[in-house]
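S.K.: What Swiss-Prot lists as domain 'Plastocyanin-like' is 1-99. Per Swiss-Prot, Cu cation binding site is recorded for 37, 84, 87, 92, and the stated evidence type is similarity to another entry.
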């Protein structure tokens with residue numbers, strides 16, 4: 001599944017920002033605009049026992065250029081909240097449910 005970082009009209013958002021995937025399906029986050037973005041999973045809003053640091057980008061790492069990607073595969077079923085750390089205050093947050 002591909003998730004865009006930044007909408008086509010320049011909005012600071014994940015597109016889609018609420019979605020489901022089967023366990024083990026790769027999710028590819030792709031920078032869609034010229035803004036620096038990243039993908040960080042909220043350690044308090046992921047299934048118990050999942051290490052947020054193993055599925056998140058480092059807060060200092062950024063996808064700076066359009067077309068740059070970050071891929072993650074989630075296997076533990078449940079709900080995961082994630083955000084872009086530079087733009088979390090602007091509402092750039094999302095949720096994925098692993099079935």
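Residue numbering: from 1, along the chain as shown.
Every residue gets a Cβ built from N, Cα and C, even glycine.
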S.K.: Treating G and I as helix alongside H, and B as strand alongside E, what does DSSP give for the domain 'Plastocyanin-like' (1-99) in helix, strand and coil?
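M.R.: Helix, strand and coil residues of the domain 'Plastocyanin-like' (1-99) number 10 helix, 37 strand, 52 coil.
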S.K.: Count, for each of the binding-site residues 37, 87, the other C-beta atoms lying within 10 angstroms of its own C-beta, and report the residue with the smallest count.
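M.R.: Output over binding-site residues 37, 87: least Cβ neighbours within 10 Å is 87.
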S.K.: If you count other Cβ atoms within 10 Å of each one's Cβ, which of the binding-site residues 84, 92 has the most?
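M.R.: Output for this query is 84.
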